[in-house]
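Quick notes on the structure that follows.
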């Protein structure tokens, strides 16, 4: 007999979250108990040679972080640094930080761009996404890619992994300080640290250590869905924020409350915080666990892992997609995903300063408008797809329903409008995948506007429109016994975000849209 697993959060999922919660989320009384009864240890410190001494006193222990531990010994964590360059793309060399003059004896070319990439909780440096990111970075730039592998310290319990990244952050800062001796006046401005989950905060510790101990600043940190448990409502130096580097960008993909099963931060902590699809409920992640298991060829373990972490890992997937993108990857400054979808945040500003490129190329775009080293913060929104390539073009579409006698006689309809963008007026050229409004009620004379996302068309010529009628046995307004389900449209206006183009199209001879039958609408029909 095959067990049936529900589509929503499963019992297994809730159990895992509950167990993890017990080691992370504590109330104020437990904090007081820890601080008063066991708090003597908070005044202690533990030293790790040249990498410094670590304390547990506030802010490392607080109401929101009642349990704080010392890092494990380096022998237990056993960190490794792997170097990829264009000369050794397939098999990285190992940087032995214990070797005298290891920078000079390694394959590092210090004056070329340096990317430092690090994994998060329960991962290692050999995981596929890190290798794929390294290859994409080398495709984009002739550079050095240093992978931090701290798998020996990333295992449960979570609180210990949280502690271990403090030590690895300091160790990595010392490595970069030694590299800076060979970089001349540029210092470490050409160094970009990329970290997922706990790895994002690890990058923050690298930045803080460089500033506090060596008077050096990282050029950039990209936090890919930074972990929230133990970092919520914290500040420097406990968690990553925009003071850790000259430019800090954050990608939020699992930004909901931890108690609901989300792992990423909800707070805006960077110069630019990106919220693809609102920062939660990523496309393609709403499938049941059964479907994930099927996708993993029946592997329960792999399927469950993909199911639980789908939103969280989407951050490094879309960042990778942005390195060598298939479209413009623009984002728009806005206050919420709903305002963005409603078309209220379409204005890119007089100079385009409200529309920042998403991901890898975002810093150049930001610096163009706001200047290097500025502390101006932006919350950026965009819509992505549910599979690779994730990049999409954005279209704000306004639909005018006819107020004609025929339209009023037929009355309103409930259904969904689908739009396909065309590069030619006869439909013979490139066309996009269909994208639609959420199903709703359309009344005669009504005006409706939403933002949809699909493939980019840089020279839009026509729009193919389809009406999909929704009937419900329990809603008499949707019953159509004497007439076909249809809707009468007067015109449609489409604004393209990426091409900054607008196009007005109309149905030929004001023909009604019949359920399931698409019409190609062009400007000359207006």
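Here the Cβ of each residue, glycine as well, is placed from N, Cα and C on the backbone.
Quick look at what TrEMBL lists:
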ACT_SITE  197  active site, nucleophile
ACT_SITE  225  active site, charge relay system
ACT_SITE  312  active site, charge relay system
BINDING   239, 241  Ca(2+) binding site
DOMAIN    46-390  domain 'Lipase'
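Here the features listed in TrEMBL are placed on the structure.
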residue : record                           : Cβ within 10 Å
197     : active site, nucleophile         : 30
225     : active site, charge relay system : 30
239     : Ca(2+) binding site              : 25
241     : Ca(2+) binding site              : 25
312     : active site, charge relay system : 24
For this session: Among the recorded positions 239, 241, 312, report those whose Cα falls within 10 Å of that of residue 225 (active site, charge relay system); none is a fine answer.
Result: 312
Exercise. Taking residue 197 (active site, nucleophile) as the reference, which of 239, 241, 312 (the recorded positions) have a CA within 10 A of its CA?
Worked result: 312
Exercise. Any idea what the Cα distance is from residue 312 (active site, charge relay system) over to residue 241 (Ca(2+) binding site), rounded to a whole Å?
Worked result: 19
For this session: Using DSSP with the three-state reduction, classify residue 225 (active site, charge relay system) as helix, strand or coil.
Result: coil
